[in-house]
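Single-structure report; data block below.
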Amino acid sequence: MVRPCPSVGPRGRLRAWPGARELAPSLRARSARCRRLLPRGCAAPAGGGAGGAADMTDNIPLQPVRQKKRMDSRPRAGCCEWLRCCGGGEPRPRTVWLGHPEKRDQRYPRNVINNQKYNFFTFLPGVLFNQFKYFFNLYFLLLACSQFVPEMRLGALYTYWVPLGFVLAVTVIREAVEEIRCYVRDKEVNSQVYSRLTARGTVKVKSSNIQVGDLIIVEKNQRVPADMIFLRTSEKNGSCFLRTDQLDGETDWKLRLPVACTQRLPTAAVSSFPCRSPCGQPVLGEDSDPPISESLSIENTLWAGTVVASGTVVGVVLYTGRELRSVMNTSNPRSKIGLFDLEVNCLTKILFGALVVVSLVMVALQHFAGRWYLQIIRFLLLFSNIIPISLRVNLDMGKIVYSWVIRRDSKVPGTVVRSSTIPEQLGRISYLLTDKTGTLTQNEMVFKRLHLGTVAYGLDSMDEVQSHIFSIYTQQPQDPPAQKGPTLTTKVRRTMSSRVHEAVKAIALCHNVTPVYESNGVTDQAEAEKQYEDSCRVYQASSPDEVALVQWTESVGLTLVGRDQSSMQLRTPGDQILNFTILQIFPFTYESKRMGIIVRDESTGEITFYMKGADVVMAGIVQYNDWLEEECGNMAREGLRVLVVAKKSLAEEQYQDFEARYVQAKLSVHDRSLKVATVIESLEMEMELLCLTGVEDQLQADVRPTLETLRNAGIKVWMLTGDKLETATCTAKNAHLVTRNQDIHVFRLVTNRGEAHLELNAFRRKHDCALVISGDSLEVCLKYYEYEFMELACQCPAVVCCRCAPTQKAQIVRLLQERTGKLTCAVGDGGNDVSMIQESDCGVGVEGKEGKQASLAADFSITQFKHLGRLLMVHGRNSYKRSAALSQFVIHRSLCISTMQAVFSSVFYFASVPLYQGFLIIGYSTIYTMFPVFSLVLDKDVKSEVAMLYPELYKDLLKGRPLSYKTFLIWVLISIYQGSTIMYGALLLFESEFVHIVAISFTSLILTELLMVALTIQTWHWLMTVAELLSLACYIASLVFLHEFIDVYFIATLSFLWKVSVITLVSCLPLYVLKYLRRRFSPPSYSKLTS
């Protein structure tokens, strides 16, 4: 639209406002959507734009995010009244100078991608803080520091500082490696080079050095580095396509249009073009005569993270760094601490309580004589082994082993463990929340069914359709079917060939697909227009459904060979080119659920209105028939995405009348969208029903058996998608997320509290049915009835949330965690899944053609959804069970020696004297027992094939039985029994010297630990045998150097050998007998499968 512009601001500037980025999917609904932060773009005024606000929709619906604080503290200026509802106070205007970023009047963030948790200065303090916030790490730090006080020292300083230093060193090294990897990935993105357009020509600039106001040239297949306004393209058709798979995981391309006045300029002249853009107002060219007014819409934007799919584009940078749309719609990552670690932390607090109680009892038995408070501290230090310092380092090293095993598993190739701190979480997942597009599906559509009412054509009968088309165009070449007017078939029943031909032609014309011809990777439109070579043709569209339909019409003989903004060319089986003029296009929107096109046949001058859409809206548009509803239901039950295709012939006068009313409606200032829709609806009456089409979104390999495995394992699966309700429901049925015998309750659209209350009551009366709900209805329910809705939803076997925004996905994850207390796992593949992945207890990113943004932000990265089954059933289960056994055994090892110390002190008049000193106490938890105990990370109760075959085994872990208060208490009793037996046995059997007690008890203790490891192991690995023999050899060899603590001559006597053997036998034999009796009369579930 060209009109004089108001006098605002200095010349030569492009002005945009933060509020102006919030482009409503439909401006007529803006007052009802004041709660929502709408997709960021440049807002079109009510009277601007040719397609209507309803046409300016984006495929990535967004939800509220907290506005980030600006770097400057100046007060914000006023803006459009309707933008105040977008949250975060008054939006502030932004003035952008084209090609002159140095003239900006505000400071803007650098265009830097940063996914690191720390920087150079905060790394060491941050890592140490995260370690010492664990209770027992802080306890051991205080313990080690206390040894600098002479009254509290019990032994050499190294006995306390060496274990603590080793634990911290392992943690710091692991965190440093992960930070370096993250830094390298970020540097790779920030170092990508782009061309910046200046008055002196083009200069190279790194992505991190791009500033607001820069004119950036983005080549084909290059990532858009910042949020920009699209000014110019090299494509002759005046448009370009973007790939958004890095943002939303969808492989369909999005059409973008440049600002018309800058598109007409040469590339070099764009940098000197004087223009500005006030909030919600057009881009203005002030020096032109007359002044040019161009409104902006979502179609004029280039989002950061998208990839240019066609041609070379020029854009002006509006937003950078943390102000990018994708960044502002991504929640900050939280530092994840596994539930297993929290449980272990809780157990160490119980052990600390036991330590304090034992110390107080010892002092109380001395009747608090003398400086009793110092005695309490000394006993606290003496019994400090009750809390094992080696527990944390053993568990951390175990996590590293689990990560290595996952990466080396040939049955899940390409799997990457990006967070090695939470592998045990994989073994206790109760809720799995998955994206649809690109995660469950390949986003590749396949045409499966054409239904004409009396006959249906499937994949096996498409050759019949081809023969019908061929016969139409070859029987009477001198009088092609396009020339036959409607009068020829008014009284005579049309033949099947003509019915098929009309249906195929409608499908070939009613779409938004553009054929692009590529040769050696370079688009050559001029050559394409001459030859229309099939081998070089690629279809571009914003929907994979439309591409599938056009590819099918090509397969049956009617090929789309050319298209621009105003015309379309089809090629017949006889190589005849049919030319059509595009008069009007009515794009698909979420509100209308249909799209239409009016074309004029160049050969006959006939004007035809074609329309296709969802059956729910098309049923009231087409002429009465008795088969539409039934056949649509049948096809939907097969998991097909159904479209109804219809047409209407228009007389010239009828069309001219429509066009006049349509143009008038588009020029309206008030209620423009409503008036435009009313005019279009005047055509949508008594249309002739041509056919139904059935398209299937191909599922990824083995999605159905994987979902069935997860269900049998007791995991509830929720599908959260931004796609349409009908599409999401079809995919849920097709993937068997909803089983055939389950009912589906589609939660109707609710807008207020009363409607939500009624719909929830209706849903409450249904049992064992899957729930399908839209994002808008979900928002209303969570606002008024959060607790009631979550209670009902958690009882459903499956839940499908469609039209879900990225932040809404994260909100659902958070609510599940809060309401159920269960562990959640989120799976996604696009940038719109990042918030959900980071919010969940365990995030899994699917890496593939849909991009890497989700996989880089996830804790685990897989290449296919089917690998998730093995990741949970095998690796998650093994990691949790192994860590549970390892942690309890390390606690048992420490409690044994602490029990012996308590017995020793009580026998010798409650003296605070250590039983073992120096290297003995360090060697006990390191070289003498570390390898056998740590070898438990290789143990497994069943083979991986059995774990996959019987997912019910996974269900047992959801109750947390491998590590519970019950198992903890059992190990405490075992430790007290064995520690007491060894110590009392040594005291009874020793002869004359104290060193004999040390020799007998310590040797028995080492042998008992080695035998207990053997008792605990369920499946022997050759490394376990090596660890046992190596530890025993190390102890025997070190006896030569331990003459300070042990009488070397005594251990070589027969008396020593039989005493040690008896004590060891008494401490271990009863436990072996109990284990045998338990497996004999009450075997665990896994033993039934292995026997």
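Cβ from N, Cα, C; glycine included.
TrEMBL annotations: computationally assigned, not manually curated.
As given in TrEMBL:
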TRANSMEM  342-366  transmembrane segment
TRANSMEM  372-391  transmembrane segment
BINDING   ASP435, THR437, ASP829, ASP833  Mg(2+) binding site
BINDING   ASP435, LYS436, THR437, GLU546, PHE588, LYS612, ARG641, THR721, GLY722, ASP723, ARG803, LYS809, ASN832, ASP833  ATP binding site
ACT_SITE  ASP435  active site, 4-aspartylphosphate intermediate
DOMAIN    856-1083  domain 'P-type ATPase C-terminal'
TRANSMEM  890-910  transmembrane segment
TRANSMEM  916-938  transmembrane segment
TRANSMEM  968-988  transmembrane segment
TRANSMEM  994-1015  transmembrane segment
TRANSMEM  1022-1042  transmembrane segment
TRANSMEM  1048-1074  transmembrane segment
When distances run from the Cα of ARG641 (ATP binding site) to each of the binding-site residues ASP435, THR437, ASP829, ASP833, the nearest one: THR437
Maximum Cβ pairs under 8 Å to the transmembrane segment (890-910) - stretch from the list 342-366, 916-938, 994-1015, 1022-1042, 1048-1074: 342-366
Segment-level pLDDT (mean, integer) for the domain 'P-type ATPase C-terminal' (856-1083): 87
Neighbour tally for GLY722 (ATP binding site), based on other Cβ positions within 10 Å of its Cβ: 27
Chain residues in Cβ proximity to the transmembrane segment (916-938) (below 8 Å; excluding those fewer than six residues from its ends, i.e. six or more beyond): 155-156, 158-159, 162-163, 385, 388-390, 394, 397-398, 401-402, 882-883, 885-886, 889-890, 893-894, 897, 998, 1002, 1005-1006, 1009-1010, 1013, 1016-1017, 1021, 1023-1024, 1027-1028, 1030-1031, 1034-1035, 1038, 1042, 1044-1045
Subset of binding-site residues (PHE588, GLY722, ARG803, ASN832) lying within 10 A of THR437 (Mg(2+) binding site), CA to CA, in sequence order: GLY722
Interface check, the transmembrane segment (1048-1074) with the transmembrane segment (968-988), three or more C-beta pairs under 8 A: yes
ASP435 (Mg(2+) binding site) as reference: those binding-site residues from PHE588, GLY722, ARG803 with C-alpha within 10 Å of it: GLY722
Top Cα neighbour of ASP829 (Mg(2+) binding site) in the set of binding-site residues PHE588, GLY722, ARG803: GLY722
Distant-in-sequence neighbours of the transmembrane segment (1022-1042), which means Cβ under 8 A and at least six residues beyond its ends: 919-920, 923, 927-932, 934-935, 938-939, 1003, 1006, 1010, 1013-1014, 1048, 1051
Number of other Cβ atoms within 10 Å of the Cβ of THR437 (Mg(2+) binding site) across all protein chains: 29
Same-chain residue ranges lying at least 6 outside the transmembrane segment (968-988) that approach it to Cβ under 8 Å: 347, 350, 888-889, 891-892, 895-900, 902-904, 907, 997, 1000-1001, 1004-1005, 1008, 1012, 1059, 1062-1063, 1066-1068, 1071
Least Cβ-crowded entry, counting other Cβ within 10 Å, from the binding-site residues listed as ASP435, ASP829, ASP833: ASP435
